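Swiss-Prot lists 1-17 with the feature signal peptide, giving sequence analysis as the kind of evidence. Per Swiss-Prot, the feature topological domain 'Extracellular' maps to 18-529. Residues or ranges marked as N-linked glycosylation site in Swiss-Prot: Asn27, Asn28, Asn40, Asn104, Asn304, Asn498. What Swiss-Prot lists as disulfide bond is Cys59-Cys292, Cys72-Cys84, Cys107-Cys153, Cys296-Cys320, Cys488-Cys492. The transmembrane segment feature in Swiss-Prot is assigned to 530-550. Residues or ranges marked as topological domain 'Cytoplasmic' by Swiss-Prot on the basis of sequence analysis: 551-566. Look at Swiss-Prot and you will find Cys555, Cys562, Cys565 tagged as S-palmitoyl cysteine.
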Amino acid sequence: MKAILLVLLCTFAATNADTLCIGYHANNSTDTVDTVLEKNVTVTHSVNLLEDRHNGKLCKLGGIAPLHLGKCNIAGRLLGNPECELLLTVSSWSYIVETSKSDNGTCYPGDFINYEELREQLSSVSSFERFEIFPKTSSWPNHETNRGVTAACPYAGANSFYRNLIWLVKKENSYPKLSKSYVNNKGKEVLVLWGIHHPPTSTDQQSLYQNADAYVFVGSSKYNRKFKPEIAARPKVRGQAGRMSYYWTLIEPGDTITFEATGNLVVPRYAFAMNRGSGSGIIIWDAPVHDCNTKCQTPKGAINTSLPFQNIHPVTIGECPKYVKSTKLRMATGLRNVPSIQSRGLFGAIAGFIEGGWTGMIDGWYGYHHQNEQGSGYAADQRSTQNAIDGITNKVNSVIEKMNTQFTAVGKEFNHLEKRIENLNKKVDDGFLDIWTYNAELLVLLENERTLDFHDSNVKNLYEKVRSQLRNNAKEIGNGCFEFYHKCDDTCMESVKNGTYDYPKYSEESKLNREEIDGVKLESTRIYQILAIYSTVASSLVLLVSLGAISFWMCSNGSLQCRICI
């Protein structure tokens, strides 16, 4: 009876002791992140680094409308196809839009030499000045400038020709040698285009140019080429058996371009002084331009985001996130989200000893739960929480700043003869893309691992801070909790939390209570030992008596014979 009373006394004393627990925040978040060692770790807070949403529209870029070519393409716009006349007045744009129906290009059949390279050049041009490089009325007095029209380039039901070129033919059965130069005084690159006509027969050659053995020479400091017309019978295209070859070059500021010819020259009338801009580009999409504004445009739609990565489209124009193949890039900022009713699973408790977080602590990441005669409650440790928030915020901002080098990525142009180069280029681009995706994913995995370890370390440091103050004035009872050997009111609890706990003040009370509890435990242990001895002896006597009774019964009925020899 005495033992039972002592045990009850010990239990009663333990139940009414004041306690202080170290813990961490938990909430109802379902955000998951990946680390180097784990996948789909639920965390209290995280930030998404990957943009996967767009508006599905073509928008203005930085408030500037794009140049929508409609049924025209780049060639038609630059040569001045009569069907593209409405586009001639547009001098600036944010980017260029072609459609799958942009068929109005070279109306007179022929080849546009290095057309893909010209498109690539224009992908970095945001505006140009269209100016008359060789005035029509004064530049060619000895040649006919109005007869060079064709049914292949109709306008308003009549034969016409490109608005930016002049098809020179003979005048009064004479085509004297021409020589004309232009000096670039625009202070910027000037794009100049011209053409060479290839008649189908010698008769056509003489009818148009009089000279049977004509030539064309075009030269500048960087471009020098002599052309000879290729007279040959060809199948008709757009009603024409002849062909034209279209050429272009860029004239640097201060440079001179010279045209010399005895026939077959389609001379430039207008040229283009170009202003380059890194945010321009060419998009092929059938959508119209909407009344919206964006900083980043893709062929799938506009992106308005400050995130460093996107997985929408590799071709972008404007201030755009980097394209990666990833489907998820989420960076942890908070702790592992493990409410106390759940198990931590394979990797155990946070900080190695606390089994669950507190949903009741909402004003910080780390903190305390106390219980004493005045009540109980949660309180966040503001200093450690704020230090952690500042550190993680700076880290996230640094990662985003380093990775958020916004740029324009345009598709590269290749013609059908350069298919092998195009395929090789795609392989190289895919290789770089794979490497960039791997680097981005690895960065996030490593930073998530460091963040979660950082939180674990902060909780453990907070626990050690409390333990170093309390020393033997309290005992560790597991799961991050301390049980005081003395009464600890709210003022006492607050002193522990803010690091001003007065250990000597409570040492004597703690010593007495500790010795009393230890004495109760010792007395209880001795009584249990005596009871165990008595129980063992009694059990042995009962066993011996039982064996004797069985033996006597068996001897009496003959089942067991006993012989005593002397």
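Counting starts with 1 at the first residue shown.
Backbone N, Cα and C atoms are what each Cβ position is placed from, and that goes for glycine too.
Here the features listed in Swiss-Prot are placed on the structure.
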residue: Asn27; record: N-linked glycosylation site; CB count, 10 Å: 18
residue: Asn28; record: N-linked glycosylation site; CB count, 10 Å: 8
residue: Asn40; record: N-linked glycosylation site; CB count, 10 Å: 9
residue: Cys59; record: disulfide bond; CB count, 10 Å: 23
residue: Cys84; record: disulfide bond; CB count, 10 Å: 24
residue: Asn104; record: N-linked glycosylation site; CB count, 10 Å: 20
residue: Cys292; record: disulfide bond; CB count, 10 Å: 13
residue: Cys296; record: disulfide bond; CB count, 10 Å: 24
residue: Asn304; record: N-linked glycosylation site; CB count, 10 Å: 14
residue: Asn498; record: N-linked glycosylation site; CB count, 10 Å: 11
Of the recorded positions listed as Asn27, Cys72, Cys84, Cys320, the one whose CA lies nearest the CA of Cys59 (disulfide bond): Cys320
Least buried by Cβ count (within 10 Å) of the disulfide-bonded residues Cys488, Cys492: Cys492
Asn304 (N-linked glycosylation site) versus recorded positions Asn104, Cys320, Asn498 - nearest by Cα: Cys320
Across the topological domain 'Extracellular' (18-529), average pLDDT on the 0 to 100 scale: 87
Residues that sit under 8 angstroms from Cys107 (disulfide bond) by C-beta distance, when 6+ apart in the chain: Gly76, Asn81, Pro82, Glu83, Thr150, Ala152, Cys153, Tyr162, Arg238
Rounded Cα separation (Å) that holds between Cys492 (disulfide bond) and Asn498 (N-linked glycosylation site): 10
Cα proximity to Cys84 (disulfide bond), best match among recorded positions Asn27, Cys292, Cys296: Cys292
Assigned element (helix, strand, coil) containing Cys153 (disulfide bond), judged by DSSP: strand
Euclidean distance between Cα atoms of Asn104 (N-linked glycosylation site) and Cys72 (disulfide bond), Å: 4
Between Asn498 (N-linked glycosylation site) and Cys320 (disulfide bond), the C-alpha gap once rounded to whole angstrom: 47
Protein Cβ atoms within 10 Å of Cys153 (disulfide bond), excluding its own: 23
Candidates Asn28, Asn40, Asn104, Cys488 (recorded positions) - the one closest to Cys320 (disulfide bond) by CA: Asn40
